[in-house]
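Annotation source TrEMBL lists transmembrane segment at 15-34. According to TrEMBL, the feature ATP binding site maps to SER21, GLY22, GLY23, VAL24, ASP25, SER26. The domain 'Lysidine-tRNA(Ile) synthetase C-terminal' annotation in TrEMBL covers 350-417.
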Amino acid sequence: MQMINLSVKLDKKKIYIIAVSGGVDSMVLLNFLFRRNYFLIVVHFNHLKRLEAINEKKIVQKYCQLMKISFHYFELNVGNKDFQNQARKLRYQKLKEIAIQYKTNYLITAHHLDDLSETILFKMARGSSLLGYSGLSSSFYHDGFFFLKPFLYVSKKKIIDYAIKNKIIFLEDYTNQLDIYTRNKIRNQIIPYFKKINNNFLQNIKHFHLQMMDVFDFIRKQTHIFLKTYNKNSFFDLKLFLTLDSTVQKDIILYLLEMKQIKKNFTLINNIWKSLKNIQKPYVEWFLDKIWIFQKNYNYFTIKKKLISEKKLNFKPKPLLYYCFDKKLISFCSIIQEIKCDFNKIIPPFILRKRKFGDILKFTFGTQKLKKFLIDKKIPLKKRDDILLVVDQKKNIIWIPGIYINNALCQKDVFYLGIK
């Protein structure tokens, strides 16, 4: 029998939470690690789908009692819709809870080389990111926990050989042999075919995986450097972003989505990437989910939370406009502006309103559409809709606070406008 080598280095001073199903993979891993004196806490799950599950519990529990290993049992009630994915999430949630209980952050699962090949082929069939195409990672840190797969480069055959030699009792889940899920079809039909046409298929998968992980690690390092160096309060420099290689650019987008746990796909990442490069559209927003927005804002881009509509909050009072000839009379206003004009060219009363389609600004050199003016000023689209205009009865735009004053009205008379 060939020797088993672990894909990750374990520390005998650490506590490891290990998921054990009662199948050959996890029972061999449990035995292998226990015999080498690693400190293990066993967690077993029952998905309430098979009558045989109670026997699996008995096998795992009996082994733990014999070896004096702490044992924890959970029954998981997961619906049939997206069962495998939802069950996996729930299992990891429970593993984390046990890890917190034992004040450790190391979680172990019994994924092996055949699982790795299955995952790579599954991701290729479905479409994924570079990290996704590389399959599983032998060691992965996320949300404060280390997820370890010590058997990742060990073949199923080696595991079975070990079980036979060491007389390890286990039960196999018969549903793994049923082609009811895409993964099962890959496991039972496609992988055996590849093994048949190439005896080195699994080793080739391992080499592919290691190469892909090296490439991914290099690209991700460039991503971390950019996000750390060119980050201003979570706004990232677009000009510098565009100087990077396109592969790094796409990984930056991917990483930002991952950090917010946003569901991602190749089409979304590619669309965002193309728009970030499009200089004709300086302001763009993507509504990623119910919480997050990816925003391109002229020279920067960011992911931010959606703002609750002011109309829903109903807390901001409508601003009031005042005008007079004595500045002191409107000293209570938060914004005051002196206006020089010819009273024959304007018609009070003035009104305060939002912009409208076709609004025109007047200058001493001619006119310009308000829309074009705001674009040239690089005013974000969101802010454009909140801008207040002071307009007279002839629809002359007199003043836009902080942005524009109509100086085409002559300058022989003076009055003051105030907003509160």
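Note: Cβ is positioned from N, Cα and C throughout, glycine not excepted.
Counted over every protein chain shown, other Cβ atoms within 10 Å are most numerous around GLY22 among the binding-site residues GLY22, GLY23. The DSSP secondary structure for SER26 (ATP binding site) is helix.
Within 8 A of the CB centroid of the ATP site residues SER21, GLY22, GLY23, VAL24, ASP25, SER26, the other residues of that chain are VAL20, MET27, VAL28, ALA110, PHE170, LEU171, GLU172. Spatially close to VAL24 (ATP binding site) yet at least six residues away along the chain are ILE159, ILE160, ALA163, ILE168, PHE170, GLU172, judged by Cβ distances under 8 angstroms. For SER21 (ATP binding site), other Cβ atoms within 10 Å of its Cβ number 25.
Secondary structure by DSSP for the domain 'Lysidine-tRNA(Ile) synthetase C-terminal' (350-417): 11 helix, 25 strand, 32 coil.
Within the same chain, residues at least six positions away from SER26 (ATP binding site) with a Cβ under 8 Å of its Cβ are ILE18, ALA19, VAL20, THR109, ALA110. Residues within less than 8 Å, Cβ to Cβ, of ASP25 (ATP binding site) and separated from it by at least 6 positions along the same chain comprise ALA110, HIS111, HIS112, PHE151, LYS156, ILE159.
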